[in-house]
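Asks: Found this in TrEMBL, in case it helps:
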| type | residues | note |
| --- | --- | --- |
| ACT_SITE | 142 | active site, proton donor/acceptor |
| ACT_SITE | 171 | active site, schiff-base intermediate with substrate |
| BINDING | 216 | pyruvate binding site |
């Protein structure tokens, strides 16, 4: 397959998965969510079934349904990247095939959570290569947080994964600027056609300054216009605008992702969706329960400080 290296460049919203009170996916709200994020001028597409989409809580049929709805709502005017996460390689292969059948333009291969404790280069390469050989659509690699143990790949693993055909990008979520730069430089030397996407929500501005082909971040679900603006301002060398946007976005990102416990980040984004008027409720799926009133108050203050409550519906 011949792929335009720039086709996947740009900003993607790593979308959420809305649940009804009974814990089932609220498809009406999910459809509206896809339309909402893509209403931002300049948004390239969505990453569905990522960590923010709670892929680890979804069944295989649910993941395929999410991808199907994304494709339906985006139509031909946006890129659909769908996450693949499974402990067993054969399950990852099946999920990737489901995503392709549902109309995804690419899959993003997430490391199995057990890899945080133990893995080796052979199993990592085998897992990714099996997915690549099972589908015709391209692959994104995923570099997770430096705090995620062995799920954060060392340079020799990245080099080996770049040898796999049809890898078009890396969702670079190291969440540490020096680590991001190491990956960016390595990929630039080894496979310059591969898009390195600066995807640490709390480090977008400095990472964009170093150089990026785009970003796949869940903060774009509530601040998509500002993130697209930041990306464009840095590309244009308009550092006054970029700095102003950074000063609005950074405290919000910290309020969502850095506050303890960090496992509540997605639930906080759902609260933000409710406060902004996009969703009527912020239901979660167990084991994550409803967040306390203090979290709601904190998120309201963060949205107000970022100037986003002025845009509330």
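Each Cβ is built from the backbone N, Cα and C atoms, and glycine gets one as well.
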Asks: To the nearest whole angstrom, state the Cα distance for the pair residue 171 (active site, schiff-base intermediate with substrate) and residue 142 (active site, proton donor/acceptor).
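Replies: Approximately 5 Å lies between the Cα of residue 171 (active site, schiff-base intermediate with substrate) and that of residue 142 (active site, proton donor/acceptor).
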Asks: Round to the nearest Å and give the CA-to-CA distance linking the residue listed as 'active site, proton donor/acceptor' with residue 216 (pyruvate binding site).
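Replies: If we compare the Cα positions of the residue listed as 'active site, proton donor/acceptor' and residue 216 (pyruvate binding site), the gap is 11 Å.
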